[in-house]
Every structure is written in structure tokens, then in C-alpha cells.
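Taking it in order: structure first as C-alpha cells, then the write-up.
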Amino acid sequence: MKAFIVLVALACAAPAFGRTMDRCSLAREMSNLGVPRDQLARWACIAEHESSYRTGVVGPENYNGSNDYGIFQINDYYWCAPPSGRFSYNECGLSCNALLTDDITHSVRCAQKVLSQQGWSAWSTWHYCSGWLPSIDDCF
């Protein structure tokens, strides 16, 4: 009986753990948030390789004890405040949990800040996204 109650509780909580987007839904939402259209295919590629388009992903612990959060796998040592309270530069000025929600606004704004300060190579998956990319024109 306890196992059943736990399963029901987890099933009800599942929507709180983020959502899975696709290339086009991400491109449209980012466009609506003002991201330049010529960047959308590259962002979609990064999201695909970093999180498989999942907003609620917390990556495994990195070599320095940090973790990466959300659809763009943003690092908690530099960019957001981890729930553990561990030191962070928190350059985006937000909790890492804000990067795990269905609303990707915080993730997009923080990712844009990462891009402006470190460029595309800030993402370890960048090499998958540096050449030819599929067009996102069919998404609009």
C-alpha cells in the first residue's frame, strides 16, 4: 500500500519536473522571447545535445562538484545559486531551480548572458553545433 501511495504521489508531481520540448517548440518560444532568428538553430542544437530538449534535467556532478541545470545545462558554479547553498558566482542572479521549470524564460535569459560573456564554446557540446545546422524555417 505504501508503494502505491508513493507511486501516485510521484505521478502527480511529475509535471513539476519540467517538460520535453522539440526543435520547433523551442525555436518558437525563443523567438517570442526576442532571441535573434539567426541563433535559433544553434540554440536548438545545443538543447538537443545538452538535455535532449528536457527542461527539468540536472546533470551529473562535474569534476569540481558543480552541476548543470535545465534545457541548456547551465552550470551552478558560475551562473545560478544551487539549492545546496554551495558557493556560486550566480552571474544570472537566480536560483538554479528557476532553470528547471516549464517556463524557459529564465533559462533563455541566463543562456544569453553565458553566450555574451563566454561565446558558444561555453557549452561542451558546441562542436556538434559549429558547422551546418538544419534550418528552423519549417517551425514558423
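Glycine too: its Cβ is placed from the backbone N, Cα and C atoms.
Note that the coordinates shown come from a computational prediction; the quantities given were computed from them, not determined experimentally.
Swiss-Prot records a disulfide bond between C110 and C92, which is the match among C92, C96.
The disulfide partner of C129, as annotated in Swiss-Prot and taken from the candidates C24, C45, C80, is C45. Here C139 is paired by Swiss-Prot through a disulfide bond, and of C24, C80 its partner is C24. For C92 (disulfide bond), the spatially nearest entry among the recorded positions C24, E50, C80, C129 is C80, judged by CA separation. Considering only the disulfide-bonded residues C96, C110, C139, the Cβ with the fewest other Cβ atoms within 10 Å is that of C139.
With respect to C80 (disulfide bond), the closest of these recorded positions in Cα terms is D68, chosen from C24, C45, D68, C139. Within 10 Å of the Cβ of D68 (active site) there are 24 other Cβ atoms, across all protein chains.
In the three-state DSSP assignment, the secondary structure recorded for D68 (active site) is strand.
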